[in-house]
Amino acid sequence: YEHLFWFFGHPEVYILILPGFGMISHIVAYYAGKKEPFGCMGMIWAMMAIGLLGFIVWAHHMFTVGMDVDTRAYFTSATMVIAIPTGVKVFSWLATLHGGSLKWETXXXXALGFIFLFTVGGLTGIVLANSSLDIMLHDTYYVVAHFHYVLS
């Protein structure tokens, strides 16, 4: 039953973040004085990739339930692949800021804080994507920190 729970419940995590990504893109572009974010089409493709990949990585929440090594290897690899489109988004946000005249207002500071915390959460997520490390870090504050950093 755990597979059913995560198979249907996990993709929503990656789908629910998409509007937040859109808001950050608009906020960063506005407060950098740009008309649109850097790499607009790349950002759109990255969001579609993140949404689709969310459907094939559910079992990274289940590394400790006795999956065989081949299954763990697949979910480790598939989970790490999510870092690629996510990195495209973070790079594009930072590239949007580059060369602009950043206005240090509340919404710009919140967007920069989100980008920083989301990046730290992504780095901890890459560590947790490794099934061997995930098993060792299971039920620790490292996992709690990852979850909260990604949620920013």
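Each position is counted from 1, following the chain as shown.
Glycine residues also receive a Cβ, built from the backbone N, Cα and C atoms like all the rest.
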**Report entry** Further Cu cation ligand in Swiss-Prot, beside HIS60, HIS61, within candidate set HIS3, HIS10, HIS138
**Finding:** HIS10
Report task. Identify the topological domain of PRO37 and of ASP139 in Swiss-Prot, and say whether both name the same side of the membrane. Result -> no
Query raised in the report: List, by number or range, the same-chain residues at least 6 past the topological domain 'Mitochondrial matrix' (32-39) whose CB is under 8 A from its CB atoms?
Result: 25-26, 88, 91-93, 95-98, 100-103
Report summary line: Long-range CB partners for the topological domain 'Mitochondrial intermembrane' (128-140) (under 8 A, at least six residues beyond its ends), listed in sequence order, are 60, 63-64, 72-73, 75-76, 79-80, 83, 146
Report summary line: Least Cβ-packed of the binding-site residues HIS10, TYR14, ASP139, HIS146 (other Cβ atoms within 10 Å) is ASP139
